[in-house]
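As recorded in TrEMBL, the features of this protein are as follows:
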TRANSMEM  7-26  transmembrane segment
TRANSMEM  46-68  transmembrane segment
TRANSMEM  89-111  transmembrane segment
TRANSMEM  143-167  transmembrane segment
TRANSMEM  179-202  transmembrane segment
TRANSMEM  214-239  transmembrane segment
TRANSMEM  394-412  transmembrane segment
TRANSMEM  482-503  transmembrane segment
Amino acid sequence: MEPYSDELLWLVICGFVVAFVLAFGIGANDVANSFGTSVGSKVLTLTQACILATIFEIAGAVLIGYKVSDTMRKGILDVTLYDDGGERLLAAGCLAALIAGAAWLIIATALRLPVSGTHSVVGATVGFTLVAKGPIGIRWSTLGAIVLSWFISPALSGTVSAVLYWFVRRFILRASQPLAAGLKALPFFYGATIAVNVVSVVLDGPKLLAMDNIPLWMALSGSVAVGALGAIGVCAFLVPYYKRRFVPPPVNFTLGLSNGDSCDTIARGELGRLSTMKMPIAVEFDTPPPRSDKGPEGSAWSIECEIRNTRLAAITPNSSAAPLLRSSSPAPPVAPPPPPPDALRLFSFLQVLTATFGAFAHGGNDVSNAIGPLVALWLLYTEGGAHARAETPLAILVFGGVGIALGLWLWGRRVIRTVGEDLTSITPDTGFTIELGAALTVLIASKAGLPISTTHCKVGSVVCVGYFSEKSVDWSLFRNIIFAWVVTVPAVAATAALAMLALEAFVV
């Protein structure tokens, strides 16, 4: 097919319109992965989260979203079947994929269910390929790995986040002095967070920044060096600042005197304070109430009600109530006191830092879901072949980034509330472990070649950390989310197949 063929122009125009709707749906649904926990823990307001997400999602889309045509295929589409006259069929399939993905993400967002944009595009690709070329056009091994990721992603990420939370709770939040323990560990946490997020960006990173050919050893060593510098900076500047802000000044418990005070003045003040207090003059002894006023004879419940609702009656050694009190069950163990709020505030900026890196990586990865089929369609139109290898136009990357940002601003609060508030209660300490655990899991799995979903990782971490932190988890909501994950690929595939059947009548 000749480049810039008029036969494909209407498909390209429709593709741009539908791709913007798909980007809108991804912004409304998937961006909740990055900042949902930060909003839920009240570290950021919704407006602040939207501003940061807009900046870093678009930056990620422009800097690391250049691999969109390969990402769109996900290794599941055999494009060689569309050589020699099949270009129009492939173009129609790209439009069908955009239609199906956009419809599913809009429906899921309306239901406040976080689903995977990546799996939506994969399902759409399977759907139109089955109609266009049959089962032979699909790489089933890749699809099987994606199905396994429905279970691997949340379990692996949840385990990593739960282990991180156990360390934070064991060695910081339940220490004898949580704030002091947190200040000692703060440089390490910052260094590890910075190193993990930097290596996720640098390794096989932006081509525009000449990071695509950096070897593994250089990416790892450079990230560790940057993390170490960050830890040194935190130790030199941030820890002293937090000490001045949160740690109270020492008090002289020996005298407790300020300048100008004397022991005589303090003694007279204490004596005057004690003289104004109402002291009991006599002790009242009440006789036990009649047996008819109680519950069943010998009932421990009746005594408990008497204690709660009336003045406690006098109990003598001959009282019938005395044996019941002696034989009552021991008091339950006292729960450990909650950590001081100042100790939790130490994790606030760490959570924002990880969420910001996550937004940058998400913009680079998920802009491909929004515009990947559009880029494939555009390259078919401009080069006339299914094996187009030209660079992705920068304008299309910005186009997808703007659509994602607009969806976040206008509709993103729905899924943000599901991830950050409805599933479980999130605090800065649990939010930090959720963000870092999910980021670490996505980094390791993606570099190992596992088709893992950021959405599944984040939801799995939220549920696991909420459970292990002894917070209430909405299991019915989690069940609905799991169901939405399972039906994503078949539902989108069916929609794409129907759209492809309708489009074939116009292109064949």
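Heads up, the Cβ atoms here are built off N, Cα and C, so glycines get one too.
At the 8 Å Cβ threshold, with sequence separation of at least 6, the transmembrane segment (394-412) lacks contact with the transmembrane segment (179-202), having fewer than 3 such pairs.
The transmembrane segment (214-239) and the transmembrane segment (482-503) are not in contact, since fewer than 3 Cβ pairs between them lie under 8 Å (pairs 6 or more apart in sequence). Beyond its flanks by at least six residues, the transmembrane segment (143-167) meets 76, 119, 122, 126, 429-430, 433-434, 436-438, 440-442, 445, 450-453, 456-461, 463-465, 467-469, 485-486, 489 of its own chain at Cβ-Cβ distances under 8 Å.
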